[in-house]
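Visitor: The following feature annotations were taken from TrEMBL:
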DOMAIN    37-314  domain 'G-protein coupled receptors family 1 profile'
TRANSMEM  22-45  transmembrane segment
TRANSMEM  57-79  transmembrane segment
TRANSMEM  91-113  transmembrane segment
TRANSMEM  134-156  transmembrane segment
TRANSMEM  203-224  transmembrane segment
TRANSMEM  259-285  transmembrane segment
TRANSMEM  297-317  transmembrane segment
Amino acid sequence: MGPSLQISHMMGISALVSEEQLIYAITIPLSTSIILANLVIIFGITWNRQLQNTPNYFFLSLLVADLCTGVALPFIPLMGLNRELSFCSCLVAHVFPNFLFLAFLFNLVMVHYERYICIVDPLHYNNLWMHRSFPLALLVVWAPPLLFAALPAFGWNNWTGADWNDCCASSQNKTALSSCSTNGTTCCSYRRVFPNAFIYLEVYGVVLPAILTIAGMTGHVLWITRGQLKDICRLHRSVERGAQASDCEQRMNLRYTRCVVAVSLTFLACWVPYLIYMHVCIVFLISDTKWSSTTHIVLSCTGIGSMAVVPLVLGLANRQYTEPAFKLLQKLRDRWRRRTQGSEEVAV
């Protein structure tokens, strides 16, 4: 190996290590928070027997998917780095995180749809097919993501194609450097696993329609709530025979305004970063230009991480889900206080 190859090799390794350190520095705290919060809500649902019904089972499936997404969160930005992996290892490193992400998205759509029908059509809510056959509903939200994510493993990939972005520049020897483009045994890049057509299909055929469906159902629910609120205020004024809004109407309007603001802020904080990351990636993919790895890492970490917070917002807002965990923490705190007080009395 010549001096120039040694220098380029060392620079490539140092750049890869620094990029991995940046990914771990961003994702490990976020991943830990997502995992712990999901465990708290899962504990609250499983501990309370009153919450063990079909709607909460759907939400429990979403929490499990979100928990898996939190575990896979540090590995998702790594998909944007060029690494030296075998064919099978490269497929697992790309297909499995993609499957967990799609399963999380499918579960999120199912939970929103189930709650949407509860508000829009409450008379037929109990007769939904997902309530009559819960295992089939679970199969719907877990099997299609697995099949779609596994398409590269079934042959829809670019593994035998040319290399991109000097993927093999950091190979450790000349043999690997010369054979990298021919046999594709060392270079692992997302472009070798996911063809452009696969990426476009996932983004504009699966992910974006799912996000728009969730946004549409949420907006329709808010619209229905606004109409019902107007009807209640109209009936209240007819009973009270007053032209001005009463304190009760003002409180209801204020509560509705807070709800709209909370939903809007949740969408801006949780969905907009991912939408920005997704479309920025598509723009650079279409233009076929290199872009800063630091920018890609920050956008991917914040985009995926912010979207994984959506179930936590839904779960932590329900006191029934968090009450068992709070009671357990209170018991532990009281026990610790009694022990400290007892030790102080013994010392005196």
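Using N, Cα and C of the backbone, Cβ positions are placed for all residues, glycine too.
Any TrEMBL annotation is an automated prediction that lacks curation.
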Visitor: Are there residues at least 6 beyond the ends of the transmembrane segment (297-317) whose Cβ is under 8 Å from a Cβ of it, and what are they?
Guide: 19, 22-23, 26-27, 30-31, 34, 37-38, 41, 59, 62-63, 66, 69-70, 73, 76-77, 80, 101, 104, 108, 111, 266, 269-271, 273-278, 280-281
Visitor: So what pLDDT does the domain 'G-protein coupled receptors family 1 profile' (37-314) average out to?
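Guide: Summarising the domain 'G-protein coupled receptors family 1 profile' (37-314) by its mean pLDDT gives 83.
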Visitor: Can you say which of 91-113, 134-156, 259-285 has the most Cβ pairs under 8 Å with the transmembrane segment (203-224)?
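Guide: When the Cβ pairs under 8 Å are tallied, 91-113 comes out ahead.
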